[in-house]
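Single-structure report; data block below.
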Amino acid sequence: MTAPSQVLKIRRPDDWHVHLRDGDMLKTVVPYTSEIYGRAIVMPNLASPITTVDAAIAYRQRILDAVPAGHDFTPLMTCYLTDSLDADELERGFHEGVFTAAKLYPANATTNSSHGVTSVDAIMPVLERMEKLGIPLLVHGEVTHADVDIFDREARFIDTVMEPLRQRLTALKVVFEHITTKDAAQYVRDGNDYLAATITPQHLMFNRNDMLVGGIRPHLYCLPILKRNIHQQALRELVASGFTRAFLGTDSAPHSRHRKETSCGCAGCFNAPSALGSYAAVFEEMNALAHFEAFCSLNGPQFYGLPMNTGWVELVRDEQQIPGNIALADDSLVPFLAGETVRWSVKK
């Protein structure tokens, strides 16, 4: 019997979905991403969403100002789609190398999404321009109708929004972000080369029992919400199969402790400090380490048409405890897996 690997060396990965926030929060969390990842797709859902080229340039500079010396990191900016967005502004940003993609948030689906799209028809001219130019559409795939159960939002979105959209714009590049259901896993698997998906570590590691049984665990609460174990298993099987249109997207989404541990807590897991090791643990459990590098470092660039990173990252089998909290101005952050011991960690 072969002894398990003690070191995993992979091409430097990218994070294809991250929230870096702004202000003191941004300064606190950026180094956890820039230390490990060569690039990251930065979500545009600030309190004042990123809808113009100038706003994206200014935000990118604030991110770069927070990157520690010695970190080689490129933030990839996204445009927040609204019903009133000017397609010419998006095209200009894309041609000038400011916007890498555009993000569709259904109105009120998640944090700072009140400015989001009320219907796909409202932005069809923008989407048609994106299809023509090859700009990827990043989708938070949930309906937000009051009569739809929160655990059914993703499956309903596929039937009522995603599939009609892709039938109408057959060459539009779409990333179905943070998929959480067997329905989405099968839908992406059955799709063509214009459809891909990101998957978070929390949706691979946990299901709704982990969040709700024996007491509510607010630091596992995110949107889309954790689902049944049958959905978790479908996601694990998808990545373990070596499927090439699924790739790393942490959806690391920090909120201060007092905004998570409250009677009406915010959605989001701050997983940047432990995400890569968490993914490695899942792939190891699934006997799929042969596909780990592709998921982290190859599949994303291939879909986006970008070069692979040239550097390397090593993970070592070295049990380490995740800190219980991280200082944040006059508050703190509780990271994903706080206080728990993980078996894979990034070599410093």
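Note: Cβ is positioned from N, Cα and C throughout, glycine not excepted.
Taken straight from Swiss-Prot:
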BINDING   HIS17, HIS19, LYS103, ASP251  Zn(2+) 1 binding site
BINDING   HIS19, LEU20, ARG21, ASN45, HIS140, LEU223, HIS255, ALA267  substrate binding site
BINDING   LYS103, HIS140, HIS178  Zn(2+) 2 binding site
MOD_RES   LYS103  N6-carboxylysine
ACT_SITE  ASP251  active site
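Secondary structure at LYS103 (Zn(2+) 1 binding site), taken from DSSP and collapsed to helix, strand or coil, is strand. If you compare every pair of Cα atoms in HIS19, LEU20, ARG21, ASN45, HIS140, LEU223, HIS255, ALA267, the residues listed for substrate, the longest distance is 19 angstrom. Rounded to a whole number, the distance between the Cα atoms of HIS19 (Zn(2+) 1 binding site) and ALA267 (substrate binding site) is 12 Å. Of the chain residues outside the Zn(2+) 1 site list HIS17, HIS19, LYS103, ASP251, VAL18, ILE41, VAL42, MET43, ASN45, LEU138, GLU177, HIS178, GLY249, ALA253 have their Cβ within 8 Å of the site's Cβ mean position. HIS17 (Zn(2+) 1 binding site) falls within a strand when secondary structure is assigned with DSSP. Same-chain residues at least 6 positions away in sequence with a Cβ under 8 Å from that of HIS17 (Zn(2+) 1 binding site) are, in sequence order, ILE41, MET43, LEU138, GLU177, HIS178, THR198, THR200, GLY249, THR250, ASP251. Within 10 Å of the C-beta of LEU223 (substrate binding site) there are 20 other C-beta atoms, taking all protein chains into account. Listed in sequence order, the residues of the same chain lying 6 or more apart from ARG21 (substrate binding site) and placing their CB within less than 8 Å of its CB are VAL29, LEU46, PRO254.
Annotation note: ALA267 (substrate binding site) sits in a coil segment as assigned by DSSP. Mapped onto three states, the DSSP output places ASP251 (Zn(2+) 1 binding site) in coil. Here LEU20 (substrate binding site) is positioned 15 angstrom away from LYS103 (Zn(2+) 1 binding site), judged by their C-alpha atoms. Residue pair HIS19 (Zn(2+) 1 binding site) / HIS140 (substrate binding site) shows a Cα separation of 13 Å.
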